[in-house]
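Taken from TrEMBL, the feature domain 'TRAP C4-dicarboxylate transport system permease DctM subunit' covers C:8-428. According to TrEMBL, the feature transmembrane segment maps to C:6-36, C:57-82, C:94-117, C:138-162, C:174-196, C:217-238, C:244-267, C:279-301, C:313-332, C:339-360, C:366-393, C:414-435.
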Amino acid sequence: EELIMSSWLPPKHPIVVNAFEPWAEEVEKVTDGRVTVRIMGKPLGSPPAHFDMARDGVADVTYGLHSFTEDDRFNRARLGQFSFLGDDAIANSQAYWSVYGDQLNAAEEHAGTHLLGLFMHGPGLLHNNVRKIETPADMQGLKIRVPGGYVGDLVSALGATPLFMSSPEVYEKLSRGVIDGVAFTYEAMTAFNLVDDIKYSMTVPGGIYNTTWFFVINEDKWNSLSEEDRAAIDAISGQAFAERVGQAWNDADTAAQAEIGDKVDFYQATPEVVAALKEQAAKLEQAWSEGLGDYDGAAALAAFREMTGVSAE
Amino acid sequence: MTDHCDTDPAPDMVPGRTPHRRAPWYRALAGVAALLIVALIGVTCVDVIGRYALNRPFGGAYELTQILLAALVFVALPLTTADGGHVEVDLALHLLSRRVQRVLGRLAGAVASVALAFFAWRLVVIGMDQLHDGTRSASLAIPMAPLAFLAAVSCAVSAILILLRKEAP
Amino acid sequence: MTLSLIALAILLMMVFARVPIAFAMALVGGIGFALLRGWGPAGAMVGNAVFETGLNYSLSVVPLFIFMGNVLAGSGIAQGLFSAADRVFGRMRGGLAMATVLSCGGFSAVCGSSLATAATMSKVTMPSMRRFGYSDSLATGAIAAGGTLGILIPPSVVLIIFGLLTEADIGKLFLAGIIPGILGIIGYLLAVMVAVRLRPELAPQVKEVQPMSRRDAISVVAVLALFVFIMAGIYGGFFTPIEAAGMGAAAALLIAALTGGLTRAGLWTAFLDSATASAMIFAIIIGAEIFGNFVSFAGLPDGLSDLIEQMGLSPWAVLLLIVAIYMVLGCFLESLSMILLTVPVFYPLVSGLDFGLGVLQDPDAVLIWFAIIVVVVTEISLITPPIGMNVFVLRSVLPDVPLATIFRGVLPFWIADIFRLAIIIALPILSLYLAT
Ligand code: NA
Ligand code: NA
């Protein structure tokens, strides 16, 4: 049986090379060649369409970001998008798989598919080329590209202007001064060629934001596999995949840091800035938790932080 | 649907075979398309000028451009279709008799109509999904379902127009 | 791969039976996909392609760059360019055709599309050439070929789309197109000279030059100003290449208002033509996307690149093979669908090649050079039978000229293009000098 996987990241992206491709090879191995995975050279749709593509069977296996689509489908997935969640992509991803998966019933939000993985990358930073942000007032008036809802609300609460655009656009806009900064990981700084256009990068313990990813297979396709093969694939997916992909993100971050060296001023956020971030973040976390109905978002966040070892206060 | 045709060769058409129609529905739709182009230009200007003159960029410029673009394309699709403005190849046709050409033309219109009708149906499906999921744009929270339904109507109208198309001269 | 080839054959049959290219590609692609994956998935894939293409931010350059050109065309600027160019060449045999080539090049500097350039310039230059007894073949050939420069000389819709497909720097791609574009003008001028030398009956000697009014001089200044505005805006960091389309359109409206050449009816036509041309282009992009998903699923790209890799050729041989494939595809495909279908296949292959010398040591430079090669072969495809879009444009604008006449007239320019292609491949520095 051949599984068709649609991949929209560049073919040389670290998590394609170090997580998805090895996973695909492993699938063949653990099923003794009964199941193979073919990763398409060209995606079969736009990145935001990738969840629906797996659900509708356009492809069998897809991955993507929950924040691609702004709708009511992945509300509980936001668990992993807040600030102060953890600095290690492996711990983040494992906590996300277990807390979002169990306490917040991730499977229900991914109806029509079977979950192969839920994961996060390393800590998000705030990069800019205007000034070192030492007090909350330094955020005033900065134009910051953000990946989605939560960080947008956060930087806007601190007086900066959040702007939305696709990742490849960031280079054009940053190098032309259309934006002053961007919320990104270490890895994205080199991947999108931003090093020369960034001067200051503020690190926040546990990350200023994160993005959450799904890795799914079409439900009918999944059920058509034999029980033995499903068990074998499950064993290398989920928690095991969280470790694999987390390692890939960590390695990419480390490599990027080595490449950047001291071309960018990396600095710890001052206690004052951290306090301001915490205050705004707490409000946003509370609003999210209250909107979840029967699910207890606050408890899930606490459990998550306990697993990754970030002090929850 | 075949009246009101201008007989000028419409030299500046890019690239079409018959001149623009003059029917009221056509002019009304063309007016909307013109406004959408103005809006597209306006969004960029407000964003670019705003960020230099006032240091106040327009946060919604990206997604507003996307939405206006989609609206423009789907508003204009029936116009192009009514003009017979879709790219066709008539290279080998002169080898055939007029009669065969006519039949082929009808057939080709029917085939294109099937494709457009299929588009319309799938766009309705997308629109219903988006209505159900509450899909909206990221920063301005504009609901997306109406856009999908607009696209569906556009494709449906175009399917009818191309089915009834006048035979090429 | 076999299935893809069968599908390609069916597609060509449908196209020759006058099914619009866009819908033929959509239908063959959709049905092919359904045969491989089932109807439900095929339907979802088609729906996504239709909806998401409309929402593609970077494609906003299509209506806006076309509108910019249409506004200028409506305000008499193209006429001014032609008159000015005629002052340079007017007294030579074939001078009007040479002026046509030069003014096409000038108009390309403010128009992002080859089709729009050809359509606009045909309206301006064809009447003069007919009045002075030029043969239809030389006249239409010069316009069809000159018009192709629209996608090479910046701004260019095709270069923007190439940049977005490959994450190349669009600003650099624009710069890279300038010298090959000028080379194209020179080649076409030589083509006219040689053609009229061999067959003097193509163009009579014209003693008078077109009168050049103050308005014509203003037109030349306006085109220069707009080109500088766009390029300075992009390289000065004021706006991105995508935003340049909106800013350029606004500036064109301003120029039209200042020179007073655009009537209300002309403005209306500019809007209407831009809207209908955009819908036409988007329909083709949607069709190409659907067809592309099918062939990619059916394994054509993988098969093709595996095949090339297995041959174990040297990097230059691989490049020449790719160019040859482009030339063949270019006979049949429309320019945008050609770029959308092929660049995702060949770009990874080319970026993995090691030319290992001089300017080509930098992988980014290889990519820019490859982009220019692709655009030049795409230009050639626009005038290569049987499906040459620029020729079709002229055909629709001048319904009384048979297609065969235009294709015959294009031949000298086509030969000049082959020489230009060889030079651009042999001397990468021509594409890279301004860009690096
Ligand atoms: Na151009
Ligand atoms: Na061709």
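Every residue, even glycine, has its Cβ placed from backbone N, Cα and C.
Where the annotation comes from TrEMBL, it is an automatic prediction and has not been curated.
Between the transmembrane segment (C:244-267) and the transmembrane segment (C:57-82), three or more CB pairs separated by 6 or more residues in sequence fall under 8 Å, so the two stretches touch.
Beyond the ends of the transmembrane segment (C:6-36), by six or more residues, the same chain brings 42-43, 45-46, 280, 283-284, 286-288, 290-295, 297-298, 332, 334, 337, 387 to within a C-beta distance below 8 angstroms of the stretch. The listed stretches are C:57-82, C:217-238, C:366-393; of these, C:57-82 has the most Cβ pairs under 8 Å to the transmembrane segment (C:94-117). Away from its own ends, the transmembrane segment (C:138-162) comes close to residues 58-59, 61-62, 65, 94, 96-98, 100-101, 103-105, 107-119, 121-122, 125-126, 129-130, 168, 170, 173-175, 177-178, 180-181, 184-185, 188, 191-192, 195-196, 202-203, 230-231, 241-242, 244-245, 248, 335-336, 339-340, 343, 371-372, 374-376, 378-380, 382-383, 388, 390-391, 393-394, 398, 401, 405-406, 408-414, 416-417 of its chain (Cβ-Cβ under 8 Å, at least six residues beyond either end).
The list of residues near the transmembrane segment (C:366-393) in space but at least 6 beyond its ends in sequence, with Cβ under 8 angstroms from a Cβ of it, reads 15, 21, 114-115, 118-119, 122, 140, 144-145, 147-149, 151-152, 156, 158-159, 162-163, 166, 168-169, 172-173, 176-177, 180, 184, 319, 323, 326-327, 329-335, 338-339, 342-343, 346-347, 350-351, 353, 355, 359-360, 403, 406-407, 410, 413-414, 417-418, 420-421, 424-425, 428, 431-432, 435-436. Sequence-distant neighbours of the transmembrane segment (C:174-196) (same chain, 6+ residues past either end, Cβ-Cβ under 8 Å): 89, 92-94, 97-98, 101-102, 105, 108, 138, 142, 145-146, 148-149, 152-156, 159, 202-203, 231, 234-235, 241, 368-369, 371-372, 375-376, 379, 412-413, 415-417, 419-420, 423-424, 430-435.
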